[in-house]
Amino acid sequence: MAALANSSSTAALSSSSLYSASHSLSRQPAFSVLPPTSSKSHAIHRPISAVHAAEPGDNINGDTFDEKSRIPDPQRMVRAYCQSSATLNLLRAFATGGYAAMQRVTQWNLDFAEHSEQGDRYQELAHRVDEALGFMAAAGLTVDHPIMTTTEFWTSHECLLLPYEQALTRLDSTSGLYYDCSAHMVWVGERTRQLDGAHVEFLRGIANPLGIKVSNKMDPKDLVNLIEILNPQNKPGRITVIVRMGAENMRVKLPHLIRAVRSAGQIVTWVCDPMHGNTIKAPCGLKTRAFDAILAEVRAFFDVHEQEGSHPGGVHLEMTGQNVTECIGGSRTVTYDDLGSRYHTHCDPRLNASQSLELSFIIAERLRKRRIGTQRLLSLSV
């Protein structure tokens with residue numbers, strides 16, 4: 001699939017190749033019901049309650065707060081493809097051009113977080129890695145192996161705009177399988193996961209790894225049925241269940257989902273999305289997220305898996321390396337009063353670099369304790 005995704009980056013797409021599947025978009029009224037996607041807080045910082053033309057996403061129309069920008073434009077799908085292709089090619093260039101080499105771990109730029117508590121912890125860790133590499137080199141062990149000098153990037157997004165996804169679907173002539181080359185993994189959202197819906201029908205026909213976004217509204221039986229439709233052969237690695245429901249719901253609802261999937265014998269990867277279930281409206285009207293609420297959901301996710309004897313497979317975060325003030329809290333406290341100073345997002349609020357590092361260190365410590373506990377159990381059983 002990686003080869004197919006690579007080839008799609010150089011495939012020639014024109015507006016005409018997308019037009020037949022998307023021309024109806026231009027006939028949509030400028031003022032319409034918001035389709036199933038996240039509500040947006042706009043660049044001019046309007047309150048969430050403000051009503052204007054729907055802004056379902058940059059692939060369809062603009063985010064400027066006026067009627068003209070909200071007219072659906074099929075050409076945007078072509079621009080989205082070109083932007084995505086250029087971004088992925090840039091990532092590949094960095095990943096394979098030596099920038100990702102472990103020998104440069106102390107040189108990676110942390111920008112404003114460099115002089116923070118979390119930046120200091122990172123630098124300490126980086127120096128320890130650097131010392132280990134120096135020891136390996138002194139012992140005659142090579143540190144120039146690709147596993148030490150390169151890395152890989154995998155992309156994922158919600159399968160929402162079906163004309164775009166269909167236009168980038170290709171047949172692999174060697175396997176006879178269809179792949180959606182718009183991303184390595186695509187997921188179905190909370191409001192498009194109907195068992196008889198178009199999105200599920202499309203996803204079951206492609207061979208990509210698939211994600212299922214799950215909230216506290218998901219019935220365990222519906223989840224089992226959806227997994228059965230998308231992965232009837234129960235292939236490992238095919239399905240990732242991405243849970244987003246807030247800390248309290250996580251402790252109450254997630255155990256029932258885990259038990260239902262386990263009872264059905266279905267193989268899935270469980271991932272925590274602590275971002276989307278914790279979006280709130282600040283007094284100023286902007287969307288924000290509290291660091292403590294995000295952390296609480298992550299902890300609840302790990303706690304439930306420990307109680308159920310299942311495996312926490314990953315964490316999904318929305319973050320940036322920029323010095324933004326979009327999520328409140330963290331060790332370098334961002335307050336409600338700070339939000340307006342560097343609120344740059346056009347969509348959802350993101351963790352800044354300091355908050356991201358802080359959360360990463362907390363998760364790493366939790367994993368370390370989990371690993372030590374597992375090793376102790378294994379030693380006792382021998």
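Cβ atoms here come from the backbone N, Cα and C positions, even for glycine.
TrEMBL names H276, E318 for binding Mn(2+). Of D219, D222, D348, the residue it gives for the same site is D348.
Of the residues K213, K221, K253, TrEMBL puts just one in the phosphoenolpyruvate site with E190, R191, R244: K213.
According to DSSP, H276 (Mn(2+) binding site) sits within a helical segment. Distance noted between the C-alpha atoms of E190 (phosphoenolpyruvate binding site) and H276 (Mn(2+) binding site) is 11 Å. Listed binding-site residues: R191, K213, R244, H276. The one with the lowest count of other Cβ atoms within 10 Å of its Cβ is R191. Taking the Cα atom of each, E318 (Mn(2+) binding site) and R244 (phosphoenolpyruvate binding site) are about 13 angstrom apart. Across the residues the record lists as binding phosphoenolpyruvate (E190, R191, K213, R244), the two Cα atoms farthest apart are 13 Å from each other.
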